[in-house]
Each structure stands twice: as C-alpha cells, then as structure tokens.
Amino acid sequence: MALPPPDPQFVLRGTSAAVHTLHFSCGGPEPDIPLLFSGSENGFIHVWNLKTHRVNTALDGHGRKSVCCVETMGGKDRLLSQGRDQRICLWDLAEGRTSVTDSVFTEHVGFCRCSLLKVAQGRWLMAMAARSLEEVQILELPSKTSVCTLKPEVGAKLGMPMCLKLWQLSGGSQPVLLAGYEDGSVVLWNVSMGKVLSQLICHQEPVMSLDFDSEKAKGISGSSEKVLSIWSLNEQQNLQVYKTHELVNAGISDITIRPDKKILATAGWDHRIRIFGWKKLKPLAVLDYHTATTHCVSFSDHSNPRERLLAAGSKDQRISVWSIYAQT
C-alpha cells in the first residue's frame, strides 16, 4: 500500500495576502543563511529566514500592486522583482539595504512573468511581455539595452504571451526562448535572429505555465484544462508532442522541474500540489494542505540534496514548505 503523503515540514504565515511567486536562495556556503523570497498580492516581497522561519525583511516597491515574479541575480544581495504596477525592479539588499537601484517599465498589464538568463558574469538577458499584446521584448541587464522584439507573423493570432522561459542551446552561445501563448501554443524563438524556430499547439486553452529540461530537450506545460502536455525538441529544433497526462481536476497555475531533473511539481487550482517523476511522468504524491488555489511552486537550490525543499504559495496567504524525495 502506498504511504500517505507527508505533512509540510513547516508553514510560513504573515504575508497578509495571497502568495503569487517564490524563489529560494540556499546555495551559499556556511554561515550563509538559506532564504526564501515570496511575492504577494499586496505588493510586498518577504525575505524569509529558513533557519528561524521568520521574515528578515519586507520590501515594498510595487505600489501595493501584486508581485508576480522574484529572482536573485548572482547571489542573494541582488534581486529582481516584477509587479502588476507594470514595473520590474532591481534591488540592492547588501549590508541590510532595501533599495530599488533601477527599474524597467513593462507597459504590459497581463500576468506573464519575465524570464532571466545569465549570459556572462554580471550580464543577463531578460524576456518580458511587451506593450503590444502579442510581442515579447528581450533586454540586456543591467544596461537595459533592447536586444530585440519578438513579433509573431502577421495573422498568426497567438494572443498574449502567458509564460516565458529563456535558455541556451548546447554550445552555450545561442539564446532561445520558449513562450506559451493565449491560443494554447508553445513557440520556440531564436533570440539572436528574432524568428520562430518551431510552434506547437499543446493546449485548447491558454498556456498558464511551462518548464523545460535542456539536457533532455523535453518540456512540460499546463493550462486551465485537465491536461499536462509533455513535448520534446528534436535535432532540427522542431517541437513535437511527446505525451499528455490527464489530471483529476482542471487548472494548473505553475509547473517547475527540480534542478536535478528527477521530479517535478505542479500547483493546482484544486488547492493541491502534485509531484511526478520527470522521466515517465509517473504520479508520486499529492500534497493536500492548502485551503485555496496554489499559485506557485519552487524547489530549493541547496547544494546538499538531503536539505532540498519544495515550497508552495497559495491564495490562502500561507507558504507550505516540504521535504520530499530529498534522498533520491
């Protein structure tokens, strides 16, 4: 008989609003304190100390508008956050500072999270939904130089970009972007040339979230339907449907593959977190703790696999933190 799923290792409370995004920073050497960053509907970013389970700092830079993305940029002192105030902020958190050092106006009103890719020491590419509904803009940071704007062909009718994932082809020099659109398509873009390499309709509804494993050239996406779509990328850079997995309940807010590519987690509209083996998409566990939609899931970047954690943020204003399959 299968073992019952575990309880959370601990629960973080105190955001006073729905939690929309999570990002761990735990990879530093001792005595570095492992941190979890959370972004909430009330515009606050909370920096959680994972040793004390308390908030170290609360950052307020998005005019009380929902925060949809937080990511560190090469260490826990430099942070990027994106809010529904149409701003992406760069933060300096060194030596206890809490200041926004720069910001970018996105002019986009949707929920599409930006995507970051480190291309050199101190240099990043950032993909974000642009002002024009169907377009994606690529900027270089910290210079904020525009690299290109990715525009679908005339008459393509993809709708708005809903989720973005920048990565690099093996060999490392070619940045590419996977974008999920409102019409259910996943599109692979060559960023340097600004052109579509491949397009695949994966869902009947808008693509809510996707993640990609560049080692296996295989990705996964979810939508408001009951289906997870797994797709692969062949040698010719063509996207192909690999398989689909039927869910019990409809609606996926977020999908993330663990950095070691062994398991993945989904955040569901049915309040549940689902864990799958990545190799064959075998269902491993259903974590049932939250009392409302789970908006986001994130795996920690602990260097020791035994310390690895999974966090989930929910509309119920709580963050559940789990230790599961940490020994594999």
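Using N, Cα and C of the backbone, Cβ positions are placed for all residues, glycine too.
Look at TrEMBL and you will find 200-241, 287-328 tagged as repeat 'WD'.
Within its own chain, the repeat 'WD' (287-328) has Cβ neighbours under 8 Å at 5-13, 15-27, 34, 36, 38, 40, 48, 50, 251, 253-256, 258-260, 262-263, 265-269, 271-275, counting only residues six or more beyond its boundaries. Listed as Cβ neighbours of the repeat 'WD' (200-241) (distance under 8 Å, sequence separation of 6 or more from its ends, same chain) are residues 159-160, 162-163, 165, 167-170, 178, 180-188, 247-257, 261, 264, 266-267, 269, 278, 281. Broken down by DSSP into helix, strand and coil, the repeat 'WD' (287-328) contains 3 helix, 17 strand, 22 coil. Mean model confidence for the repeat 'WD' (287-328) is a pLDDT of 93.
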